[in-house]
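Novice: Pasting the relevant annotations from TrEMBL:
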type	residues	note
DOMAIN	350-463	domain '1,3-beta-glucan synthase component FKS1-like'
TRANSMEM	499-518	transmembrane segment
TRANSMEM	530-554	transmembrane segment
TRANSMEM	566-587	transmembrane segment
TRANSMEM	599-622	transmembrane segment
TRANSMEM	663-684	transmembrane segment
TRANSMEM	1475-1500	transmembrane segment
TRANSMEM	1624-1642	transmembrane segment
TRANSMEM	1648-1671	transmembrane segment
TRANSMEM	1753-1773	transmembrane segment
TRANSMEM	1785-1807	transmembrane segment
TRANSMEM	1813-1837	transmembrane segment
TRANSMEM	1857-1877	transmembrane segment
Amino acid sequence: MDSRAVEVRASRNWEKLVRATLKREQLRSSGPGHGRTPSGIAGAIPPSLERATNIDAILQAADEIQSENPTIARILCEQAYSMAQNLDPNSDGRGVLQFKTGLMSVIKQKLAKRDGGRIDRNRDVELLWEFYQQYKRRYRVDDIEREEQKLLETGAFSVNIGESLEMRKVIATLRALVEVMEALSKDADPRVGRLIIEELRRMKRSDGTISAELTPYNIVPLEAPSLTTAIRVFPEVKGAISAIRYTEQFPRLPADFEISGQRDADLFDLLEYVFGFQKDNVRNQRENVVLTIANAQTQLGIRVEAEADPKIDEKAINEVFLKVLDNYIKWCKYLRIRLVWNSFEAISRDRKLFLVSLYFLIWGEAANVRFLPECICYIFHHMAKDLDAILDHGEAIRAANCITESGSVSFLEKIICPIYEILAAEAARNNNGKAAHSAWRNYDDFNEYFWSKACFELDWPMRRESSFLLKPSKKKRTGKSTFVEHRTYLHLYRSFHRLWIFLALMFQALTIIAFNGIGKGHPDTFKLILSIGPTFAIMNFIESCLDVLLMFGAYKTARAMAISRLVIRFLWCGLSSVFVTYVYVKVLQERNDRNSNDFYFRIYILVVGVYAALRLFLGLIVKFPACHALSAMSDQPFFQFFKWIYQERYYVGRGLFERMSDYCRYVAFWLVIFICKFTFAYFLQIKPLVKPTRLIRTLSNLEYSWHDLISENNNNVLTIASLWAPVVAIYLMDIHIWYTLLSAVVGGIKGARARLGEIRSVEMVHKRFESFPEALVKNLVSSQAQAKRMPFISEAPQESHDMNKAYAALFSPFWNEIIKSLREEDFISNREMDLLSIPSNTGSLRLVQWPLFLLSSKILLAIDLALDCKDTQTDLWNRISRDKYMAYAVQECYFSIEKILNSLVDGEGSLWVERIFREINNSILEDSLVITLSLKKLPVVLSRFTALTGLLRNETPELARGAAKALYDLYEVVTHELLSSDLREQLDTWNILARARNEGRLFSRIKWPVDPEIKEQVRRLHLLLTVKDSADNVPKNLEARRRLEFFTNSLFMDMPSAKPVSEMMPFSVFTPYYSETVLYSNSELRVENEDGISVLFYLQKIFPDEWDNFLERIDRAEATRDAELQDSSTDSLELRFWASYRGQTLARTVRGMMYYRRALMLQSYLEGRPLREDAYFQTDLPTTQGFELSRVSRAQADLKFTYVVSCQIYGQQKQKKLPEAADIALLLQRNEALRVAFIHVEESGAVEGKVSKEFYSKLVKADIHGKDQEIYSIKLPGDPKLGEGKPENQNHAIIFTRGEAVQTIDMNQDNYLEEAMKMRNLLEEFRGNHGIRPPTILGVREHVFTGSVSSLAWFMSNQETSFVTLGQRVLASPLKVRMHYGHPDVFDRIFHVTRGGISKASRVINISEDIYAGFNSTLRQGNITHHEYIQVGKGRDVGLNQIALFEGKVAGGNGEQVLSRDIYRLGQLFDFFRMLSFFFTTVGYYVCTMMTVLTIYIFLYGRAYLAFSGLDEAISKEAKITGNSALDAALNAQFLVQIGIFTAVPMIMGFILELGLLKAVFSFITMQLQLCSVFFTFSLGTRTHYFGRTILHGGAKYRATGRGFVVRHIKFADNYRLYSRSHFTKALEVALLLIVYIAYGYTDGGAVSFVLLTMSSWFLVLSWLFAPYIFNPSGFEWQKTVEDFDDWTSWLMYKGGVGVKGEDSWESWWDEEQMHIQTLRGRILETILSARFFFFQYGVVYKLHLTGNDTSLAVYGFSWVVLVAFVMIFKVFTYSPKKSSNFQLLMRFTQGVTSIVIVAAVSLVVILTNLSITDLFACILAFIPTGWGIICLAIAWKRLLWLLGVWDSVREFARMYDAGMGMLIFAPIAILSWFPFVSTFQSRLLFNQAFSRGLEISLILAGNKANVERS
């Protein structure tokens, strides 16, 4: 017996083991969505088997019936094995062998369980047939099918969702059984076989039954009728399906053409047959077109009659047609070619639908060609012509252009593949982004080929030998199209030359005025100011030269007209600049001639006047809104020629003008800035330098300390330059300062006008709650819902009381759902939910019932007032009414008691209740209540009534006797204590009552409450009477408060009114995902870092209240330990979700976005859309509980909302059984409306040694078993990732989106139910008046949710919030230059998918892919707006390293934008003022940031020049002035920018607006105390480094920042690697300059004055050197410091090699740091920049005591001899021979002798010459930068040094420099780490927000977890 039990147990364990190895992590679902999970073998079927057979369904059925009938399960498994064996007998497919082995093991275990009994396999089919019959009878399948068929015929649908889903599972099992029976029927008994065949025939005949439910569909079940969704019952959907149905007028399809599914033929079938579109592409676009037409119909507001065959209105068809083909129509108009139709009026309705469908089918299968919108127009143009020809035939024929060599027809193979192949060939040339942009054609180059008529040379079908399809050769560069992205800073001048010319001319004019004065006494000043004419002409000529130079690489392929324009402009600008300059020189000569008649002056004035007038005229007609219509209408060749010369004509960028009012607003904005800027520039920058400049020019015989090469005999020109240079640098960038200040003011005013920040505290929520219902109803409730639920609104005006009641009734379901969602998210507790919820207000109680948090403790306070009352009733009521909510509480309590008592009693008791309340009401009317009642007894009465309600609320009628006793006690107290003596006597002597009392009948029994309204009133009244605590702090959670404050505030903001859900604009939400965290696993939550801290422990301490609420929600005690939650799989899963919802995970994003569907279901349910005439809701208000189960509401929501997550590598993750795949599957199960798109890679047999791959774009959802169900699978022409990953990921999946709008959401975002309720309003903005063009992108406000813990996260959050609110508010209006900055903007989907998509994808140049969507939208005459009444959550980086990587990515992306054609075109085509706005809010921001840093370099190098040359002392002694006032103004402006003051100004304005003045001041001071200026200064360096290096060398790339929780200590070596070149070396260079300035500069005040003057520079040095360690958790803890030092030294000395990463070895890291220098141009630029380091040595050697006053060049030459000697000595001491021990001994001897000689030599030189100890330190100061310069040069010319054999020596020198630099930084950290208080102070600094919330940050940092758990 024991051995048998052991055997059985082993058998079971073996089966579990087999299943565990083959299936994914067991998934359990909780919450809405599908409940089943794929289990066992059914969860592990290889894709190659799954596609070709129904093995999956058979095994799923086996799992389903395993417990019911193991024999049948075994039969199914055996059949599945046979099918797998037949399909892949050799097990060649991936995973097939493992699957078959596992399945066979399972079958063996099933056989083993039969106790050794023999199996008769001949009876398998009979057993199967018997089980099939039993199974059908048990679930009444035949009866249900008949019922459902009747329902289908009547147009109704099933009601119970749960039953339908269960029936779908039953049908799925039956189908699997039938398939297995069909396979085994040939071996069956003839009688059984005949029955099986008949059953098969019957099932195949059945086309309207529920069996069709198993056909996969996305939203609309077009292939087969569905009874589980009501979507096909909607008249507009029926009408749309009918509109595309095949008619007799269409060409006849061949008889053998198969119509998929159970549907009628439609026009898509014809297009599939003719052009060979893929079946799933056709299915996808069929649904897309049906939904587009249906939704267009509903938006018209014209009701479609619910008849048998409803019709779509012609207006809807026209609207769809014109919108979808708008870009094609414009393209034809631009190229001046005929459309494929003659006139719009002449096209039939069917032709319009054919053309729309054709366009969508081309687009849906175009893959990467979707990035080429005009290429798609070209393809559509020709295919539409082919279609026209075919439609004229009676028989459908295949398109000749799509017929393949095999004779089949394939659009993909014949049209898309040739274009894809050339795209892929060019993409391969970019060398993974390292090649120059000019060396290969990107997406834009290919698309712009179709911007000229020359594209028709491509012909149709496309000629493979055309230049467009010509594959690039390896040696020869491919010609670009219209623009070449050369890597150079000159693009900044070329793109924005008007800005630089304007600044130069203004500076020139102001300087001339400052030097010469203005007015009557200065007659020549005007002539001098006219010198701006030659300046303007020359600068224009420079721009035309750049046009010619930067087009190199495109001359062979560019359009002839474009090249002609370049040449004409070059010649014109060149000749005009020469002529104007010549004439002006003559004017100057005339000025000196007293006898001149000003002949040349008059000519000059005439020429300049005419030229200026012509430019002004052209500028006005091209840029000025009012004149643009005149410009567009004029067709005169002469006029068009000049317009063409002035502004190049592109397909994009035409019509970039705004309406006149908008134009005037942004012009006024910039005029204010110009007035401020030039006033400041003239009086504080230019004028103070005039006098010093004049004096310095006149100073002669100045004594130079060195051998001067330039200035000595040239009016001290370098001295003057060093004085002016920093001022000029600030002059160029301070316009951004004025922009920042004015935008903050304007943004603040606009925000205040928009009513932002009116409700900024929970106290304000309490005070204004009474006004919320009306505001919500007017904004968020559609007129349809209002009309149905407030029918009296349209009638005569009612009392305000009735209106308030009606508003509250409509408000309550919305508010309660919001509160419920807060509870589900664990932001509030159960108690808070009860207090915050508002009653439905639909009962008979006439007054408005408010939430208890407004009324709590008010009754008790009112009783206290009553007890103290010594006045009249009126005085008492007046005192109570001072608190309106106290008055509401008293009234509700009174009326509720009356209603409850009346419901409880009958007979005599009812008479008593009526009498009591009648007497009280009469006394109230007579103002004698204080006489009628003894108010002192109120507490006793209320205590009795509280006891009664306490019994009644338990809902246990067994307590009826106790309740009756409590009611009698209440009667006694009221009658004998509360009432006056007269009334008491009347009641006591009332016969009826006295008799009942004496007989014991009075209140002997009560009617237990059964009415839901009464039960709810009892529960509420009990709370009202018992809650003694004030609810002023409800909710306590800060996030819950913030959300309710923002939501309630937004109700009073200006927003469009809500349309009914049925009439709203449909939209999709779209999220790209790669491999980020989906859901935290249990191990991830519990794994501890080096400090012993787990993620879960961290979250528990950071969110303690939310943790307690979570435990309460899952019914666990507060003291529950983490390990105890693992006992329950449900609780364990809930824990994973709880933690994931507090991180930046995909699960959080999906939950948030699915709130849209929940909101739409609620809104649709309240509107109660009828599907038949008799199905209207009644005007009374039903409860909204269970609205999510309403079929109509769910279908309506699905019709309007789609959520697609593009999980690019989900297929690979599934194949590899990665946890991310299981987590994504879990999300699919929990969210039935969620769709996941991914790229599936299918490997086929090797051809010529290469494994060929096929790529598919797939869309899946969860099926009834919770397993992935493939909806669409569309083959791609090849690997879709040719460009940047994210936009390619978006592009492949965008074909699965639906609707007219698409919201782009990143996977680290969140959403909230209350905000989702406002989406209808936001979408109405597309129809709003926002300028001369309708909006194409709606900007949405973001809330950064990661700023609550660390100071860094807070800084980043505030900075980001400032930009996404105030900043974008101003960009949208008045500046009209808001672009798309990422997420969560809402795109006009049709507009963008027909114009290239929602991002650009070319490699590297489009690294900041999102903003290009804004550029593209603007260039294509779009309009981008910004709206702040709705918000979406956003996660941001929270650690310094994460922030630095993110800012590096953005800065690098902006560096690439400088080179792009989009920036160039916008810079050229915007009017002047809009161009300024655009520049300073995009790349100009980074240019000004870089100028801020360069100002320090310019100033310090200038001062170093004066110090080394000795001129500062000489000038100070001779002239006694230095012009420091101008310099001080410049440096002060630079310093304020540097420390982030101007970055903080908009931030402070935002604080004032949304938090209030006091909080804003407090927040700003707190930020300063937390060293935010250090952070901003450090960020300045990050942005400058990456922006500058990207433009110089490239290297921009996506930098993964990680989105985890950062509270861990970062090692010193990690920080050193990341910041060494971007911050440390630059900071030490500035420090060297400052030391030189202190050591050799001259000032009357000494070194202290120098330090004060250079304070900003010292602050920058310290910030750049030590910020990474100041903001590093535990950065000054001694133990960590010791460990960091050991780690750093190990890294520094570890040798590199092949495969060794940079984080392991200094040598590998050093090699990686040089990778950006790839080109000859880059090496030359590095050489030029490195030359500055030799300046130090040149200056210092002439300052040595040793050299005296000798200024000959020989001194400098001798210093190089000394340097070489030092290098040789270094080599002697660092040489490590490997030959023999004897040689090592010789080297040691040599090193010893050398040491003695060095000491002796230095001593002799000090004694015998003038060399001092100071000189020795000065030599170090001189040689250190020289050595670094040599290393920089060596890196630039690495290949040359490698050939010379000195590269190893250079590397050792570099290692020594890094070691020295590291020690210099490490020493202060080590010293500070000695003092424990420093670490404590740092923790407070970093985590002040957490400390202020009382969190245990010290425990988190210390890792003192054990102590916490013990406590």
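Note that Cβ sites are derived from N, Cα and C of the backbone, with glycine treated the same way.
Walk me through where these features lie, including what they touch and how far apart they are.
Specialist: For the transmembrane segment (499-518), the residues of the chain that approach it from at least six positions outside its boundaries are 493, 524-525, 528-529, 531-532, 535-536, 539-540, 678, 681-682, 686-687, 690, 694, 728, 731-732, 735, 1472, 1475-1476, 1479, judged by C-beta separation under 8 angstroms.
For the transmembrane segment (1753-1773), the list of distant contacts is 707, 1737-1738, 1741-1742, 1747, 1787, 1790-1791, 1794, 1798, 1819, 1822-1823, 1826, 1849, 1853, 1856: same-chain residues at least six beyond its ends, Cβ to Cβ under 8 Å.
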Novice: Which sequence positions outside the transmembrane segment (1813-1837), separated from its termini by at least 6 residues, show Cβ-Cβ distances below 8 Å to it?
Specialist: 1625, 1629, 1632, 1635-1636, 1639, 1714, 1717, 1722-1723, 1726-1727, 1729-1737, 1739-1741, 1743-1746, 1759, 1762-1763, 1766, 1802, 1806, 1846-1847, 1850, 1853-1854, 1857
Novice: With a Cβ cut-off under 8 Å, give me the same-chain residues at least six positions beyond the ends of the transmembrane segment (663-684) that come close to it.
Specialist: 506-507, 510, 513-514, 624-625, 657, 731, 734-735, 738-739, 742, 746, 1373-1376, 1471, 1473-1474, 1476-1477, 1525-1526, 1529
Novice: So what's near the transmembrane segment (1624-1642) in sequence-distant terms, Cβ-Cβ under 8 Å and 6+ beyond its ends?
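Specialist: Same-chain residues near the transmembrane segment (1624-1642) but 6 or more away: 1493, 1496-1497, 1500-1501, 1503-1504, 1506-1508, 1512-1513, 1516, 1581, 1585, 1616, 1650-1651, 1654, 1657-1658, 1660-1661, 1664-1665, 1733, 1736, 1739-1740, 1743, 1818, 1821, 1824-1825, 1828, 1861, 1864-1865.
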Novice: Using a Cβ cut-off under 8 Å, which residues of the same chain at least 6 positions beyond either end of the transmembrane segment (1475-1500) come close to it?
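Specialist: Result: 492, 496, 498-499, 666, 669-670, 725-726, 729-730, 732-733, 735-736, 739, 1367, 1371, 1375-1377, 1379, 1411, 1451, 1454-1455, 1457-1458, 1463, 1466-1467, 1527, 1530-1531, 1534, 1537-1538, 1580-1581, 1583-1584, 1587-1588, 1626, 1630, 1633-1634, 1637, 1654, 1656-1657, 1660.
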Novice: Just give the helix, strand and coil counts over the domain '1,3-beta-glucan synthase component FKS1-like' (350-463), going by DSSP.
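Specialist: Helix/strand/coil tally for the domain '1,3-beta-glucan synthase component FKS1-like' (350-463): 78 helix, 3 strand, 33 coil.
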